[in-house]
Amino acid sequence: MAAATFQLSRPARLLVFGSPGVGKGTQSTRLIQRYPQLATISSGDLLRQNVTSRTPLGIMAESKMKAGKMVPDNMMLRLILNELSKRGWVNSGPRVPYTVQATSISDPMDYAVSTNPFSMDQVSLPQEYTYSDSPTASFILDGFPRNAAQAAQVEKLIPLNFVVNIQTPADIIIARICNRWVHAPSGRVYNTTFNAPKVDGRDDITGEQLTRRADDDPEVWKQRIVEFEKASQPLLEHYDRKGLLWTVNGNSSDEISPKLFAEFEKRFCRT
Ligand code: AP5
Ligand code: MG
């Protein structure tokens, strides 16, 4: 497929939303393959990188994730804000050069994280933000925002302009979760029945060992669903009121992708 066929006519700032295991990561990967101007930020992947690197934020988030609970909003905002800043999509007065690996306490963000990642009192975030309105600043947020409070925070940073709500029946999803394997350093996702790696247990690109996610246990997944359902309705209503919500139903990612591509092209691509 020729990448040049799909030039964005305006910046695309997507949220890909849906229940745990619905295929947000799968659809995000397919979107960036088809539209190379897009990039993706997965809140779950960022958190898992922090857990692996044993950053203070990762250590604090780990128990929440393992229990299938939401990580506190202030930590999530910090994580995403720094990622958006690092990529140059959001700018503020004082630069916020936090990276997932950063440990230096000379950086105010890291200092706050190193003292108490759950407290917003430790740091005063810059108040004014500007964002790039160029099609090159086009991105997918996978998993953030996931409640109305996070959505309000994001709006102060950079307004999203398309919210994709993926819906698949729960009994189909649970079977997928049990077969999911991941390449932790890159976030690449496999499934032994759906998109198996070329070599059993090995990442297609690096050949490194695949692992299971700590929260891919049926009991934890049920808790993740409970958390999701608590938070999702107000978030969906918020984006519906703004006219940004688009819901797609399907039993498989292969059924969903063509519908998503068609809608994306209608909204963002030159014809
Ligand atoms: P996160 O990593 O975002 O997890 P999630 O929302 O639970 O979603 P998943 O990543 O499990 O699923 P997915 O929708 O990406 O599906 P995938 O494409 O992999 O978050 C993890 C945790 O971090 C949260 O529980 C929370 O603690 C914390 N967190 C993250 N963001 C937060 C926030 N904003 N605020 C607070 N806390 C936050 O697909 C699933 C599987 O299905 C894969 O194996 C895939 O290969 C397979 N599959 C896909 N399509 C098909 C198909 N058609 N047929 C068969 N298998 C398929
Ligand atoms: Mg995911």
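Glycine residues also receive a Cβ, built from the backbone N, Cα and C atoms like all the rest.
All TrEMBL annotations are machine predictions without curation.
What TrEMBL lists as GTP binding site is GLY21, VAL22, GLY23, LYS24, GLY25, THR26, ARG180, VAL189, TYR190, SER253. Here TrEMBL flags SER43, ARG48, GLY143, PHE144, PRO145, ARG146, GLN150, ARG213, ARG224 as AMP binding site. Among the features that TrEMBL reports, domain 'Adenylate kinase active site lid' is placed at 180-215. According to TrEMBL, the region 'NMPbind' annotation covers 42-71. According to TrEMBL, the feature region 'LID' maps to 179-216.
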> Can you name the residues of this chain that are 6 or more positions from SER43 (AMP binding site) yet have a C-beta less than 8 Å from its C-beta?
Replying inline: MET76, LEU79, ILE80, LEU141, ASP142, GLY143, PHE144, ARG146
> What does DSSP say about TYR190 (GTP binding site): helix, strand or coil?
Replying inline: strand
>> When DSSP is mapped onto helix/strand/coil, what comes out for PRO145 (AMP binding site)?
In response: coil
> Across the listed AMP-binding residues, SER43, ARG48, GLY143, PHE144, PRO145, ARG146, GLN150, ARG213, ARG224, what is the farthest Cα to Cα distance, given in whole Å?
Replying inline: 24
>> Distance check, please: Cα of ARG224 (AMP binding site) against Cα of GLY21 (GTP binding site), rounded to an integer number of angstrom.
In response: 10
> How does the model score the region 'NMPbind' (42-71) in terms of mean pLDDT?
Replying inline: 94
> Which numbers of helix, strand and coil residues does DSSP report for the region 'LID' (179-216)?
Replying inline: 0 helix, 12 strand, 26 coil
> Tally of helix, strand and coil residues over the region 'NMPbind' (42-71) according to DSSP?
Replying inline: 21 helix, 1 strand, 8 coil
